[in-house]
Amino acid sequence: MRNKINIQMSRQSLILLSVALAFLALVESGVLRREQHEYEKWTNVLGNGDAPPPPKYKMLRYAKKVINEPENRKMSCFFCTFAVDGVQALIAQNSTDDEVAAFLVNLCDLFDVEQPHVCKNIIYAFKDEVVFVLERSVFTPDEICGAFITNCGHSDKPLTHMWNISIPGGKPPIRPWPKIPDNKPTFKVLHLSDIHIDHQYVVGTEAYCQLDSALGTYAMCCRDYSQDSMGRPTNMKDKPIYVPAGPWGMPYLCDLPYQTFESAMKHISKTFKDLDYIIITGDFEAHDSWDYTEDLTRENMNNMTNVFLEYFPNVPVYVSIGNHEGVPQDAMAPHTMPEYDERGPQWLYKIMSDMWAHWIPQEALDTVQYRASYVVRPKPGLKLISLNTIYCSEFNFYLYVNEVDPDATLEWLIEELVDSEKKGELVHIISHIPPGDNYCLKGWSWNFFEIVKRFENTIAQMFYGHTHYDQFMVYYDMDDPNRRPFHFNWISPSLTTYDFLNPAYRIYEIDGGYEGATYTVKSAQTYFANVTEANLKNKEPEWVLEYDTKEHWQLPDFSPQSWSDLSDKLWTNTTMFKEYVKLFYRNHYNNECWTDYKCRYTFVCDIKKGRSYDESFCDHLKR
């Protein structure tokens, strides 16, 4: 990194960080919310009005919505341009990178956006990546605000940039969703997602640490903040504890204690001795992205591998990479990026290759090392594709240099699907980020949607994580006058409690292992543990069946049509909607959502939105 930044280069440097901090400090703090009851209203949309504020990445995404409200837009634009001008002025004085970063750290501390340790480390963790990207992006400082705020300068929005990939024609006639025959073999699969173990979890510390921040924006609780990284006392040393962290985890902004993870592994290994394989849809690391290092990630991945080898020694484990495996978080540059050898994720893909080598064949490891995706065939006639969707993450800033099909991953996916279509194979896709979530960049998501539509006969099932919630998503054919539902995503609840959740996992019974098998899910059962109850009893959590999907929702099958019908009932049937929200969180948070049109709309529209940044699927959801 250069010691000095000249004025011309400063016009593409640390500005995005200043804007992000500005949004956190002002939008989230209530400057743009005129009354306290407005704060309660918007927390109802994202979480529970009676609960602490939702996690930062959701707050940031909601902030984007708030700042574009007509009544807020003028103020938002003023502050954004003010912040950008301020940083530019510093750099115009030939300030060093570190001097500008120090200014941002002080700003973070001044507004009490985060703990001092977090303020410092989050800036320095992302500084080099953001500077590198902005120096090579198409944005000028005058366009930064326009990228995030409507009518505030002129800019194409990077989150919704569109591009197209070539998809082969010759789609076979659409087959009806297959019916599972009776008395045929099935096999059992465990789905784990978003484990997020926190090795710095401390029993007795504050679980409701948002109360310690004037803005309520502290991102991670259940940790000891009484000393800084140098061992010096902080202003938290003698503060009262409002909600003490229990030994088995807390349904607040806290990740999972290791002993609760181990409890789950012991329970699953003893209860389900007939597992054919395990799928893990990403995210092993805690949410302290400001402290991520390559060495720490390597150590944690090695430890996780050893745990699965210990508890499931003869069970294959198929993993898809998560955004929290990146260092910095989400940072996975494609090969087309300049300075790939210095900045690329080869080190991470090598860790994943070493980890996954215990369970996948050697020929699959080459694509792991290149794009962190791979193919295995766990059963005759079934291909399992692990797909790296961090290549669509809105926080993978390296993508803003060139968003078009990073590492030709979608092109590779198409080749694999064409191959399976010719061979008559069926395909399961496991991945981290559901493409319908707005965390996924629009261009990537829309292309993936068209790929699923083209190969709907070949793709039997898709399994995701990332959201931490127990939910599903339906794909609709908008070219069909009846909006035919043609596919759907299974989205697993998280094992972590972050945020305001109880830990959970899912067991699938899948039709397959014989000639002509459908390889679709026959039954799905979700298990969870009430950590609040375990803490009160001071006993190990009880992992119990929460619900059987088909029985609970009285579904005739797991066809896209059945899932679509269920989503319609959730919109019209208040009792069913309340139950869906309870299962969504695995507790009673946000149990008043049904009274608020916007809150209910968000839940149901998220189900119907098979591609990001497109609510046209929801235009029939009227008051």
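In case you wondered, yes, glycine gets a Cβ from its N, Cα and C as well.
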TrEMBL annotation, disulfide partner of CYS152 among CYS77, CYS222, CYS254: CYS77
Disulphide partner cysteine [TrEMBL] for CYS221, chosen from CYS145, CYS209: CYS209
Cβ neighbour count (within 10 Å, all chains shown) around CYS108 (disulfide bond): 23
Distant-in-sequence Cβ neighbours of HIS468 (Zn(2+) 1 binding site), under 8 Å, six or more positions away: ASP194, PRO493, SER494, THR496, TYR498, ASP499, LEU501
Local confidence of the domain 'Saposin B-type' (73-156) - pLDDT mean: 72
Minimum Cα separation from CYS119 (disulfide bond), reported as the residue among recorded positions HIS196, CYS209, ASN323, CYS392, HIS432 that achieves it: CYS209
Candidate with sparsest Cβ neighbourhood (10 Å radius) among CYS119, CYS145, CYS221, CYS222, CYS440, the listed disulfide-bonded residues: CYS119
Near-site residues: Zn(2+) 1, ref ASP194, HIS196, ASP283, HIS468, CB cutoff 8 A to centroid: SER193, ILE195, GLY282, GLY322, HIS324, GLY465, HIS466, SER494, LEU495, THR496, TYR498
Any further residue of that chain within 8 Å (Cβ to the Cβ centroid of ASP283, ASN323, HIS432, HIS466) of the recorded Zn(2+) 2 site: SER193, ASP194, THR281, GLY282, ILE321, GLY322, HIS324, THR389, ILE390, ILE433, GLY465
